[in-house]
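If you check Swiss-Prot, you get these features:
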ACT_SITE  D735  active site, proton acceptor
BINDING   L614, S615, T616, G617, T618, F619, S620, S621, V622, K636  ATP binding site
REPEAT    67-85  repeat 'LRR 1'
REPEAT    133-157  repeat 'LRR 4'
REPEAT    159-181  repeat 'LRR 5'
REPEAT    206-229  repeat 'LRR 7'
REPEAT    231-254  repeat 'LRR 8'
REPEAT    301-325  repeat 'LRR 11'
REPEAT    326-349  repeat 'LRR 12'
REPEAT    350-373  repeat 'LRR 13'
REPEAT    399-421  repeat 'LRR 15'
REPEAT    422-446  repeat 'LRR 16'
REPEAT    447-469  repeat 'LRR 17'
REPEAT    471-492  repeat 'LRR 18'
TOPO_DOM  556-890  topological domain 'Cytoplasmic'
TRANSMEM  535-555  transmembrane segment
Amino acid sequence: MTFWCMSILLIVGFLSKSELCEAQLSDEATLVAINRELGVPGWSSNGTDYCTWVGLKCGVNNSFVEMLDLSGLQLRGNVTLISDLRSLKHLDLSGNNFNGRIPTSFGNLSELEFLDLSLNRFVGAIPVEFGKLRGLRAFNISNNLLVGEIPDELKVLERLEEFQVSGNGLNGSIPHWVGNLSSLRVFTAYENDLVGEIPNGLGLVSELELLNLHSNQLEGKIPKGIFEKGKLKVLVLTQNRLTGELPEAVGICSGLSSIRIGNNELVGVIPRTIGNISGLTYFEADKNNLSGEIVAEFSKCSNLTLLNLAANGFAGTIPTELGQLINLQELILSGNSLFGEIPKSFLGSGNLNKLDLSNNRLNGTIPKELCSMPRLQYLLLDQNSIRGDIPHEIGNCVKLLQLQLGRNYLTGTIPPEIGRMRNLQIALNLSFNHLHGSLPPELGKLDKLVSLDVSNNLLTGSIPPLLKGMMSLIEVNFSNNLLNGPVPVFVPFQKSPNSSFLGNKELCGAPLSSSCGYSEDLDHLRYNHRVSYRIVLAVIGSGVAVFVSVTVVVLLFMMREKQEKAAAKNVDVEENVEDEQPAIIAGNVFLENLKQGIDLDAVVKATMKESNKLSTGTFSSVYKAVMPSGMIVSVKKLKSMDRAISHHQNKMIRELERLSKLCHDHLVRPIGFVIYEDVALLLHQHLPNGNLTQLIHESTKKPEYQPDWPMRLSIAVGAAEGLAFLHQVAIIHLDVSSSNVLLDSGYKAVLGEIEISKLLDPSRGTASISSVAGSFGYIPPEYAYTMQVTAPGNVYSYGVVLLEILTSRAPVEEEFGEGVDLVKWVHGASARGETPEQILDAKLSTVSFAWRREMLAALKVALLCTDITPAKRPKMKKVVEMLQEVKQIK
């Protein structure tokens with residue numbers, strides 16, 4: 001009997017071993033077929049063990065393939081064959097270019113625990129076959145093009161810990177059975193078309209930490225049950241149609257770091273239990289119907305960096321206790337019914353960057369201590385009842401980008417100290433007050449200012465000629481004052497509508513219709529006066545000429561000697577770079593197939609030599625780094641490491657890893673990073689042909705290579721496709737410009753700087769103008785009035801790039817006239833009596849009729865993109881479609 005038992009066991013053992021070998025051969029054949037279809041980098045069937053291939057892990061004794069990670073490889077093709085790897089437990093296909101329907105055969109991967117198909121272009125419905133994956137713990141199909149409802153067949157996935165379906169076109173309601181997923185920690189379904197109520201059953205999910213449902217059409221109340229288990233850390237419900245009150249139970253979740261419930265229809269008061277949430281970092285409840293007083297309990301949330309209660313019905317005074325929030329960076333209380341004085345308690349805050357108290361009923365005076373806040377960039381106090389003088393200490397706000405004091409009851413004169421605010425860029429608004437006296441000439445020092453409004457005051461005297469120093473000025477308004485004399489000859493003034501100067505009875509000259517009435521005799525006298533001065537100057541000049549000539553020769557010799565010494569010193573410095581190289585705090589290369597080729601120490605060393613610098617942009621300088629392996633990478637050195645990066649280093653790294661999986665043919669993704677001291681270096685693929693700015697505006701210096709129209713159109717389409725993809729995955733670019741349209745070895749356009757919108761504040765999902773003002777010439781006009789970087793704003797900036805491509809002109813040129821940029825110059829062509837053909841680069845448009853016809857069609861697209869009204873601009877997806885149609889014009 002024993003013999004027979006042993007024999008049976010041996011036979012079974014041999015069979016199992018045979019089956020194991022057969023399974024291994026089957027997996028290997030499947031992987032070879034997958035590689036043939038997808039072309040996976042680093043996979044080779046030349047006798048190597050497939051278990052060592054990049055992105056693969058096998059089980060015990062290299063038995064079966066249990067993990068397949070092809071994330072971020074920009075792969076295309078059919079992925080159905082993957083379903084033949086029946087022992088898979090972990091499948092990550094995120095960040096590729098896979099399209100079509102998700103294979104239903106994935107439902108046969110019965111061992112699967114982790115499935116990530118996000119950041120692709122899958123279409124159709126969510127396969128009901130996923131309901132067969134009973135062991136699934138993580139399920140992510142976000143940022144695709146999926147439609148339909150969340151299928152009920154998924155309700156049996158009781159082990160789910162992460163359930164992410166965001167960024168699709170899903171409709172229907174959130175299934176009630178989500179509340180039965182007892183292990184659920186993360187549930188995200190934002191940016192879909194979901195309707196109905198948030199299921200009360202979600203309150204039964206004891207492990208829920210993150211709930212993000214923003215940008216849907218959800219209705220009903222916020223279920224109080226979601227707070228009662230006490231583990232919730234992030235709640236994002238913005239941009240829905242939610243009603244009712246914020247439940248008092250919110251205070252149970254002491255670990256909550258972010259509450260975002262703005263853009264809903266919520267009512268009632270903010271519960272005082274909010275003070276129990278000691279870890280709260282962000283609280284956004286703007287654009288609701290909340291009422292009552294702003295509760296002082298917010299002061300107990302010591303980590304709070306953003307408090308946004310704008311556009312509600314709050315009344316009462318601003319709690320002085322808010323001054324205890326030493327980490328507060330943005331305080332936005334605009335559009336309420338707050339009264340009383342501006343509390344002095346928080347005016348010494350070392351971190352406050354934005355203070356928006358506009359459109360309330362505040363009274364009292366502007367505290368002179370207001371500018372003791374060293375980081376303040378945005379000060380909005382307009383539309384209140386503030387009285388008194390503008391304090392002279394306002395000049396201490398040297399970092400301000402925007403100052404809004406309009407529609408108050410301010411008196412006195414405009415302090416000349418405003419001229420010290422040299423960073424003022426977006427707007428200076430002093431309109432609708434009772435200011436008197438003359439305009440201080442010091443305003444002319446504000447050479448970055450885009451918008452100036454001093455209308456509807458009691459200002460007297462003439463407009464100072466020194467205001468011509470405001471070289472960036474686009475919009476001005478001097479109307480309804482007591483100004484007199486001629487309007488200075490300054491292009492921004494003459495290009496402004498006459499309404500900007502009306503209501504000043506004694507003001508004359510263009511753009512006003514009233515002439516200043518100078519006589520010919522006076523003109524003649526002035527001419528003779530000028531001639532006399534010229535004669536005197538000529539005599540003096542001839543006497544000085546000899547002296548200057550001798551001096552110049554001496555100086556040239558001295559300068560040459562100094563330069564030679566400096567050059568020698570620089571050589572010594574560069575030779576000592578290796579000895580002084582700082583220690584690396586953190587660093588990584590995200591792509592496995594590049595890790596061996598990139599030396600992080602060599603990366604740091606390369607950025608310490610000026611000879612390696614390729615370019616300097618709005619946020620960073622770019623260096624060329626040659627690795628010991630011979631590989632060349634581009635290294636982006638951030639100009640100044642943002643506070644949020646240093647405070648949220650782990651979040652920054654996760655954000656970079658996520659962005660490294662953003663695979664698109666027309667995007668430059670980060671491939672790694674290095675952090676040392678307070679410096680962040682971002683690694684990218686080296687692109688040898690520079691950027692679009694160099695191609696268009698410097699090619700005239702290189703007549704041997706001029707980009708023709710087909711190449712330019714291809715670049716325009718590529719850049720548009722890259723930007724459209726960013727918008728699809730809910731990323732707003734912060735600096736769309738021709739210098740950020742980079743060119744690979746085949747002159748294919750790829751959009752750079754995509755990570756900046758996240759790295760300026762990686763802990764937040766939104767980008768605000770308080771982080772960036774953009775590149776001059778590309779800034780949409782509405783940014784002077786709004787505080788949000790938007791998709792329509794990106795479209796405008798892209799339109800400027802397209803105009804550059806069509807006209808070969810820079811965004812700002814002296815030829816346009818002061819205060820006139822490329823957009824205004826193009827849109828004003830008809831008023832100048834010019835035809836659209838005259839706007840185009842004649843070197844291209846006159847080559848052939850076909851080229852001219854395509855260029856005129858593309859010009860129409862550019863004009864739509866640069867419409868002054870954001871709502872009238874097309875979406876980038878539509879821009880791509882229109883430009884592709886241009887390519888097909890016969």
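Yeah, the Cβs are placed from backbone N, Cα and C, and that goes for glycine too.
The DSSP breakdown of the repeat 'LRR 15' (399-421) into helical (H, G, I), extended (E, B) and coil residues amounts to 5 helix, 6 strand, 12 coil. Tertiary neighbourhood of the repeat 'LRR 11' (301-325): same-chain residues 257, 262, 274-275, 277-295, 331-343, 345-349, 351, 356-357, 362, 764, selected by CB-CB distance under 8 Å and a gap of 6+ residues from either end. If you count neighbouring Cβ atoms within 10 Å for each of the binding-site residues T616, S620, the highest count belongs to S620. Here the CA atom of D735 (active site, proton acceptor) lies 13 Å from the CA atom of T616 (ATP binding site).
Spatially close to L614 (ATP binding site) yet at least six residues away along the chain are V622, Y623, K624, S634, G690, judged by Cβ distances under 8 angstroms.
In the predicted model, residues of the repeat 'LRR 15' (399-421) average a pLDDT of 96. Under 8 Å from some Cβ of the repeat 'LRR 5' (159-181) lie the Cβ atoms of residues 118, 126, 134-150, 152, 187-205, 207, 212-213, 218, 728-730, all in the same chain and six or more residues away from its ends.
The two recorded residues, S620 (ATP binding site) and the residue listed as 'active site, proton acceptor', show a Cα separation of 12 Å. Cβ-based neighbour count (10 Å, all protein chains) for the residue listed as 'active site, proton acceptor' stands at 22. Outside the repeat 'LRR 16' (422-446), and at least 6 residues removed from its termini, the chain residues within Cβ reach (under 8 Å) are 377, 382, 390, 398-416, 452-464, 466-470, 472, 477, 483, 769, 773, 783-785.
Counting every protein chain shown, 22 other Cβ atoms lie within 10 Å of the Cβ of V622 (ATP binding site).
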